[in-house]
Structure formats: structure tokens, C-alpha cells
Amino acid sequence: MAGLSLQHPWAFAFGLLGNVISFTTFLAPIPTFYRIYKSKSTEGFQSVPYVVALFSAMLWIFYALIKSNEFLLITINAAGIVIESIYVVMYFVYADKKAKWFTAKIMLGLNVGFFGAILLVTLLLFKGDKRIVTLGWICVAFSVSVFVAPLSIIKRVIQTRSVEYMPFSLSLSLTLSAVVWFLYGLLIKDKYVALPNVLGFSFGVVQMILYVVYMNKTPVVAEGMDAAGGKLPTAAAAADEHVLVNIAKLSPAIPEKSSEVHPVFEMGAPRRCATEAAKAAAAANRDVVDVFVSRHSPAVGVA
């Protein structure tokens, strides 16, 4: 085995180190999914990176089995399939209906349909070295996708000036993993392992730079969007969610009693006139304030 041979001690060392770092990379999203579990919602997180990572691990196991003598590739990608599958299942459990449907379509199209097509084409149409070459380039393409997938939120990071949905730990782990696997591929002379990790290192550095630039910035909300990237309610919808209340603040200058003598024209008139006079005095000496009450918040603002 090229990766385990004593003739390639450095290749074995970097391959083993690559397994350790890649395993920690697979575990990096645990804080994210713990947050999802606690809040019972996927919030603004996306399922794309985990679906793509699962697909990539499936491809690399297939490649390692076809090429043979790639035990270190098999071990780490087998672990990756198990871990990424758990992430995807958790996402399904806590995502809203729209996110579940979107993730299901990606899973069926990519992990079932496309992977099945690759499996059939490479096994039926190619043989020997041509099969390895074809499958190798396919693995290169989708390994790059694994590194690019976290950048799907780069637009949101720039718009909101917030790195909340781009974990630094994941970016750092991907960068270190790319360096180690590049050296492993270089030592065993496997360009299909080495090449994607050059781009992986570059993308990882870009993510970390973005994190450093925006980590202390004050988050802003893009026009028509909330802080999580969702659409804000329209004016009509907002009007339905609030109540305008008028509160009369009585002035202390209101006289307690009236000492005037009112003429009597009919039975019961004096009491009625006194009542109307008190109401008129209160109306003349009151300050009217508007209170804006939000149904979503216990806070009340007084204008």
C-alpha cells in the first residue's frame, strides 16, 4: 500500500496526520448543530456544505476502492460519510418546510442520482487506467466544491458585515487539512489528491481573511432583509402586527369642583351640566400621547 509502505514513511505520516485533521474538520460544525438543537431551528444556516461534503466523501471512497492500496483515504472518508449523514439528518429534523424540500432535492439529485450515474458510467464505459483517470478528475472537481461550499454565504457576510454564519474553526480546519493532504498526494505522486488541496488552501485563507475583517464590525441589515438574510414584512403586514393606542394624561390643573351656581331649567339638569363641564375641562387640560405597542415585544414606546 502506497500510503502505508515503509518505503514512504513521510507519506504515511502525512496521511495519518491528514486523517486526524480531517476528522477534526468533520467535527468542527458540532457547535453549529448544538446551537440548532438548542434553538430547535436551523436559523440562517445552510445544508449545502454538508450535502456536498457527504457526496465528496462517497466519491473518494469509490476512487480509493477502484485504485486500491489507499487505506488512509478509505478510513477518513468512511468516517466522513457517517458524520456528514448525521448532520444532514439533524438539519432535516429542525429545518422549516422550505429548507427541507430544498435539501431533499439536492440529496436526490446529487447524492443519489448523480452519484449513481457516475458509478454506472465509470464501471460500464471505462476500464483500467482510464477509469481511474476519469474518476480522479471527477473527485478533483467535487473536492473543490467542498472548499467552495462554505463561501456560499460570502455575500451575506459582506451585506450584513457579520460572520455569525461562517465559523472560523471550520475555515481553519479546512486550510490545515488542505496543506497536509497536498503533501500526502505529492509524496505518493497522486495528482488527483494533491491538486484540489491547492485550491482548498486558497479558499480557506480567503475565508479566514473575511473572518478577521468582519469579526468586529457592527452588523447591518440590507434593505428589505433582516439580520439573518430573510425578507422583512411589508408595510401592510407590519400594520397588522402593531396597535396604536391613545392615552390621555390628565393635567393636575383640572379643578376638583366647580363653585359656580347653574340655573335650573328642569329636574336633573344641574347634575348633567356639572358632568359635562367637568368633561370639557378635562378635555381642555389633557395631553394626548401615542403609544406604539408591538405584539412581538413587551416594550412600549411613548411618543
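Every residue gets a Cβ built from N, Cα and C, even glycine.
Since the structure is predicted, the reported quantities are computational estimates derived from the model, not experimental observations.
Listed in TrEMBL:
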type     : residues : note
TRANSMEM : 12-36    : transmembrane segment
TRANSMEM : 48-66    : transmembrane segment
TRANSMEM : 72-94    : transmembrane segment
TRANSMEM : 106-126  : transmembrane segment
TRANSMEM : 132-153  : transmembrane segment
TRANSMEM : 165-187  : transmembrane segment
TRANSMEM : 193-214  : transmembrane segment
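Nonlocal intrachain contacts for the transmembrane segment (72-94), taken as residues 6+ away from its ends with a CB within less than 8 angstroms of a stretch CB, comprise 3-4, 12, 15-16, 18-19, 22-23, 26-27, 29, 33, 36-37, 40-42, 45, 47, 50-51, 53-54, 56-58, 60-61, 63-65, 100, 103-104, 107, 184, 193. Counting residues 6+ beyond its ends, the transmembrane segment (106-126) has Cβ neighbours under 8 Å at 47-48, 51-52, 54-55, 58-59, 62, 66, 88, 134-135, 138 in the same chain.
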